[in-house]
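Asks: What TrEMBL lists as transmembrane segment is 20-45, 300-320. Sequence annotations record features per position, and here TrEMBL assigns domain 'HAMP' to 322-375. Look at TrEMBL and you will find 485-590 tagged as domain 'Histidine kinase'. Residues or ranges marked as region 'Disordered' by TrEMBL: 595-617.
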């Protein structure tokens, strides 16, 4: 067991980092989820509350509109009663209607200011209560008079104005809304037309709408006619003075219902309802600031609840982090003993959660496998060295060397000295690259030069009975490769492909990058390989015998896979009477001094991919 000092050092090193990671990760996820949920619920609540507020305001507006319609309907009924019960059956030239008009006025004086009947030329016929019209007034110039002369029996409502048609001893002039209509008259037995004027008390409408606006905060209701002229507004004096503006000119164009608008930089919800008989628009305005005020307390409560939940989650996360990290601390103690090498069979802790317990059992099993794996590594290294030794010993085939020297002697005897010198130079270059100062890993460019020297010698030996074409991408020349992997493929293409052809043989060598790997393709137009022999080429029986360097395809396959892994190697495709194509797959590892050194020592550079399936033709 560790002493107290070691426990403190160990506790501060790894377990706290694990605990901190778990705590922070869980806390962040919990905070994000809780915040998103809280914000989502708050927005849903606000949205629903706004809908409820709009619905309730719409109901109030509809009720106000209904009350206003009732009042106007009553005024219309009074006007109809005045016309049909009093005026229409009387001859105004011979009969007085003052008594009937006074009686009707007294019965409805709460909502009325006055009645008046005019001839079409503007002459006053009767008025109630009894009044004397001012001499300077020409009623024909009044807006209500002109509106009424258009169509028979149509009612016309004016905007609010001060009624100053009659002399009043007390000098009281009221704000009224004038209802006027064109009526048929009988004057001394002759039909004529006149104008009936009913002045409604504006204060009745003002009081009705003022009650709606009472205690409504920033919300308010106003009334305008079909042309956008204000009939009532809670800030009508400020609007008339130019201190306040209203969007009534635009709002009057809205259809009945709920609308959103931006006015003076603020979003507002507008509810519109048209008043029957008049075409007036009753408009309710709810500024966005009104919603913000209504939901301030709700927002504070939501923030408080989210904060409480986050604190609770943080506490739970601390407990969970401690419960997870404690077994890991004990397991890490066992790993430290194993890592130090002092005890190859330490007592591995098995306990904690299911995953940690499984990890402990697995680690115990790994310890038991260490010796076996070490033996396997030794065997693998021995096999690799044996394969490399085989490649080095097989570099020079005496038969190939004898035939080459014999060809050189023949050239000298035939006085073909330049060709002999060229062939000796090619042979020297071939041997220089083959030896490579004992290295087994070289640049791919050097390997391809070696293959070119070899093919130059073979073309002379076979009297140029075949041609060779090279297509080498520049970027592959500075990559790493195992030595002597292209020459055996070319050798195979000569002896089993184009050697015995009647026509000129063709061999092509192409090297390029494809899918992050190097692909070297050697193709000939020879007789091809029978299908039954094709499957044996990359097996032990596939080793070429009797010709060439003796480095068989299976040897090349093994050396590539031992160095780079089983996902790389050779593949062979052949079709009788068409030709054969052998493809070499290598990893694209830059031929730096560091990478060449690591591969020569049997180590893996960073660019070498792990794993992969064995590639066979």
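Numbering starts at 1 and runs along the chain as it is shown here.
Just so you know, glycine gets a Cβ as well, placed from its N, Cα and C.
Unlike curated records, TrEMBL annotations are generated automatically.
Locate each feature and note its surroundings.
Replies: Sequence-distant neighbours of the transmembrane segment (20-45) (same chain, 6+ residues past either end, Cβ-Cβ under 8 Å): 298-299, 302, 305-306, 309-310, 313-314, 317-318, 320-321, 324-325.
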Asks: So what pLDDT does the domain 'Histidine kinase' (485-590) average out to?
Replies: 82
Asks: Using DSSP, how many residues in the domain 'Histidine kinase' (485-590) fall into helix, strand and coil?
Replies: 31 helix, 35 strand, 40 coil
